[in-house]
Amino acid sequence: MRASIGDKVIFTHAELDRLIALLWGDGIPVVGPKVADGAVVYEPLGGIGEMPWGWSDESGPGHYRLVAGEDGALFGYSLGAQGWKRHLYPPRQNLFRAERAGRGFRILRSVGDDASPPMAFLGVRACELTAIGVLDRVFSQEGFEEPGYRSRRGKVIIIAVECARAVGTCFCASAGGGPAVDGRFDIKLNEIVEDGGHVFLAVAGSDTGAALLSRLSVVPASDAQIIIAAAQPVEAARQQSRRMDAEAPGILERSLESPHWDDVAGRCLTCGNCTMVCPTCFCTTVEDVTDLSGNHAERWRLWDSCFTIDYSHIAGGALRQKASSRYRQWLTHKLSTWHRQFGMSGCVGCGRCIAWCPVGIDITREIESLRKAGGSDGTD
Amino acid sequence: MDGYPKGNAVGAPVDPMIPRPFRITKVKSEVPGVFSWHLVPVDGGGFAYRPGQFNMLYLFGVGEVAISISGDCRDGEKIVHTIRIAGSVTKAMSSLSVGDVIGVRGPFGRPWPVEPIYGSDLVFVTGTIGLAPLRPLIYEVLHQRDKFGRVIICYGSRGTDDILYEDELHLWRGRFDTNVHVTVHSAPSGYRGRIGSVAAAVRAAHIEGGDTQAFVCRSEVMTKPAVDALHERGVSSERIWVTLERNMKCGIGLCGHCQFGPTFMCRDGPVYRFDEIEHLFEIREL
């Protein structure tokens, strides 16, 4: 059957395996969920046999565990420990290599000539898709597009999977990041496991997606299946107990000198985990290295965190010495100044920063506390 | 301020992350721990910039630093940078000599306003190496001297041996159309110049607040006393321009390091109109 954009079709889990093989056959590496070191990670994926089949997850402040799922689903977990950012904007990127030439140097290679291979992302959640949209905005500025990101992003095929459940740290419904997938995908999937059946309801969102679906064995979705799929994100939203205050940007603007920052700093270890797992944090530093001869030099761009002391270093020392200043920078940037910079929030509500904080700091609670500590605009 | 650029104004390079080789054609020792370079593009091309912009200077295999451009932007031959030895990169740079080649990325940042302030009196408030980012604007003002009212330069240094561009300060002082007030914090006995703070020099200068535009380049803690003195002289925050400093790695608002409130200093600064940032200015460790 030929599938067009917007058609709702059904295929079996065995066909998903074929889709993965088809993509590899086309020379497109598939990156998708796997279990490694007790967590779901997004890595190159050969077939559904490598996926977290039957695994589910639970998550809370400073807490993440894989647990046995109930229904044998392939996408029964909620989120990978790290998002897709590492595949679109790798933690280490070479900016250039250079060699000594006379009394100067010659550039041998620049980030612009990096011909990155295409990729297919399998299992992108709504919040992650929103996060990719945020990165698209961050890396595409007036007069300048980050060439490495643009090159990778332009060749990515996105196969999104809508959430049917939420975990304890999810708050995408209030942050605006999900749970419904509503754009930017090539194929959107809903996994339906019931009565011994295991199928996917698929919709193509692009010509690429439609062409891929047309190569699979698909049948039109039934009304019952369409209703089940539509109910999944509704249920995922209903299960969310955490909520991001819609007034967060204003609360933070009024809280720059709040005493509450010292309270957070009493708990925060400034480890930077939150910034490393955040799907939108984009800060980087550069590292210049040479070989032993001193005739070859390289510059690398590395993910950086606003929690390091070096981050704010200027001649004379670091500007943000105190943990409270660094925490304020992270939270205020993510939830408030981001709007001024990019016209959107830097937070999609994935909740990773809550789960992977070793002391369980919960940004939704910190906003609540800041509001109570005086960040309210007085209307409540 | 219609027509005043919001971000990187001119000459944004094709690949802003790749250094372009420039040859050092002159090294000048300025004051202890401070030197200047004249730089010429190795590829023979040009280099356009506006007063107040900065470059990222790269020393092969060592590292990169953000340094303001301190020459005359009408000089089509060379660019000038004045560098204070502050860390490992600038220390290594201080050992280079004429003929050596370094890398330049830039120009970056929002420049000082020029055309929008035609007709105003101007006052420059700075000290020690802070004169370096202001000098291109002073040159530009002197090129178009008839477009402006009175020109006052208030400059302070620690002692009498660290007055940056001292020869030029004398030169400008000798002009009938500029007022130059140099003040030092400490001086040997018998010194006949002004002793005291830059803020005190501002208070003593004949500034008529109404249509004066002020340009301030001081360390962040010393900026406030300078601004206070200007306010006292009737110069309001909308007529005060400051240039600030943050850690910079990229120059294009991408690495995040230079954030100051909602702004990326490398792109939305380093020049700010003071009223844009007044509410953030005294918040500690922002």
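Glycine is treated like the rest: Cβ placed from N, Cα and C.
Record features (TrEMBL):
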- B:Cys250, B:Cys255, B:Cys258, B:Cys266: [2Fe-2S] cluster binding site (BINDING)
- B:17-114: domain 'FAD-binding FR-type' (DOMAIN)
Checklist outcome for this item: Least surrounded, by Cβ count within 10 Å, of the binding-site residues B:Cys250, B:Cys255, B:Cys258, B:Cys266 is B:Cys255
Next on the checklist: List the residues in the vicinity of the [2Fe-2S] cluster site, defined as same-chain residues other than B:Cys250, B:Cys255, B:Cys258, B:Cys266 with C-beta within 8 angstroms of the site's C-beta centre.
Outcome noted: B:Met248, B:Lys249, B:Gly251, B:Ile252, B:Gly253, B:Leu254, B:Gly256, B:His257, B:Phe264, B:Met265, B:Arg267
Checklist entry - If you run the three-state DSSP split on B:Cys258 ([2Fe-2S] cluster binding site), which class comes out? => result coil
